[in-house]
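Let me begin by presenting the structure, written as structure tokens, before commenting on it.
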Ligand SMILES: Cc1cc2nc3c(=O)[nH]c(=O)nc-3n(C[C@H](O)[C@H](O)[C@H](O)COP(=O)(O)OP(=O)(O)OC[C@H]3O[C@@H](n4cnc5c(N)ncnc54)[C@H](O)[C@@H]3O)c2cc1C
Ligand SMILES: N[C@H](Cc1c[nH]c2cc(Cl)ccc12)C(=O)O
């Protein structure tokens, strides 16, 4: 196998495949020293833990090397109105008497914060808490890692781990380079100049600038937005999502941070702006920030100015990284003997941190549908279908954030209410007006987002009214009210007992 590209996608793929197949598959990674990687990509899903588990890596092995911190939720600020915030947490939504707690909350709102009333994590985020005690124990005993847990996303569906990570993606790529090369992966630092096709239109070999010809049976295209193999050499069309998700640009800044003074919030923050939103991702020694915006509404210079104002003087000397984003997916990600993984396969704006999840999911599917020495079109079709549905499903979920956002204070936000929505979503949006989203009324194929995630965004953004089930008028509400009280008590006890993230990571740094 030849993996072209040494960004997060290239090295995650090489590391995972070598863990899966060992020396039975010969893997080479070709990485250009002249063409840079995107270099952002710092927030993840909680599912990412299965990736590290599969590689046999414990947190103590990789987290310090990647400046990693814990993430309990995404915090959305100003999506409803200035000053308002809500969380999308890593915490299953409880049900009472067959109805999700959000339904009960709509019928009997105990406070004006559905997230605090329904999820313990919202209070932990507001209080900046770590999900682990200073001695390393996890906040909930039932989540304590033990041997023999399933180690793929698919096996875990339905279960949920209470946190994800923030990390420096380029440090992870570096860490995985060491991991993979120590296990036999060949690393060629060179630029691919030409992709040679045989008479069937399959890739026969690559021509590099200094290492000559590189042959392979399967080529994994991890060349980023270029799509050097899949889109350029094999001419696979790109299906744009821009009609429903117009943000096509980003400007990123790294802000130095002092963990002895500045809080390390245990969440990714997405703060709505005039033409998009700003991400804030707390790492050990810096904040990752960036403004994701639509060029149709805002010039890059103005976006950079807004971002610099937002972060303040701490980043005055930091260079800005302007990025043009290709939003959408390759029509097929596996074409002939080329499998595109990462940005070459597809990308949506990083509002819910889906980029690394797409990579992780694609790698797992590649192992599941691996062609070995033959090329069975059924396997290819199975792979492509699974990867496409993940991206198309996430697209719908992101559109809901903009449709649902109550703010409509300028042309950008007003347009989010009238823009075309993907096929199927219009009907689902109508259904959600009468009944909170559930498994029967959300995107029907696996895409990493459970129905409760839709509940969080619908109730949090506040622009689409939804109603409690009328049946709740006829069902005793006491068990639901008791559940709200139990959540309140549990949150209070955990906030009192858990350290802040700063305290936790300071203790880690001091090595006790
Ligand atoms: C603004 C922004 C914010 C993001 N935030 C997040 C986030 O918070 N969470 C998340 O999960 N994801 C996020 N992502 C997505 C994440 O960055 C990517 O999914 C991830 O970095 C994977 O990128 P990649 O490896 O596919 O491509 P790249 O990082 O672009 O790497 C491409 C590689 O291909 C190599 N290459 C290219 N051409 C050649 C050639 N001719 N010969 C040899 N090598 C070549 C390059 O040298 C490079 O090593 C974000 C993306 C953007 C744009
Ligand atoms: N895939 C599950 C559910 C999930 C995916 N993205 C998010 C984001 C947030 Cl903030 C909460 C839950 C989920 C997972 O990874 O936990």
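We number each residue from 1, going along the chain as drawn.
Using the three backbone atoms N, Cα and C, a Cβ is placed for every residue, glycine included.
Keep in mind that TrEMBL annotations are predicted by a computer and have not been checked by a curator.
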Among 171, 343, 366, indicate the single residue that TrEMBL lists for the FAD site containing 6, 7, 8, 9, 192, 356. 343
Just to confirm: which same-chain residues, 6+ apart in sequence, have a Cβ under 8 Å from the Cβ of residue 356 (FAD binding site)? 8, 12, 41, 44, 45, 48, 169
Let me spell it out: for each of the binding-site residues (9, 192, 343), count the other Cβ atoms within 10 Å of that residue's Cβ, using every protein chain shown. Which one has the most? 9
What three-state class does DSSP give residue 356 (FAD binding site)? helix
Considering the binding-site residues 6, 7, 8, 71, 352, which residue's Cβ sits among the greatest number of other Cβ atoms within 10 Å? 71
Using a Cβ cut-off of under 6 Å to any atom of ligand 1, determine which of the binding-site residues 6, 9, 71, 352 qualify. 6, 9
Round to the nearest Å and give the CA-to-CA distance linking residue 71 (7-chloro-L-tryptophan binding site) with residue 352 (L-tryptophan binding site). 12
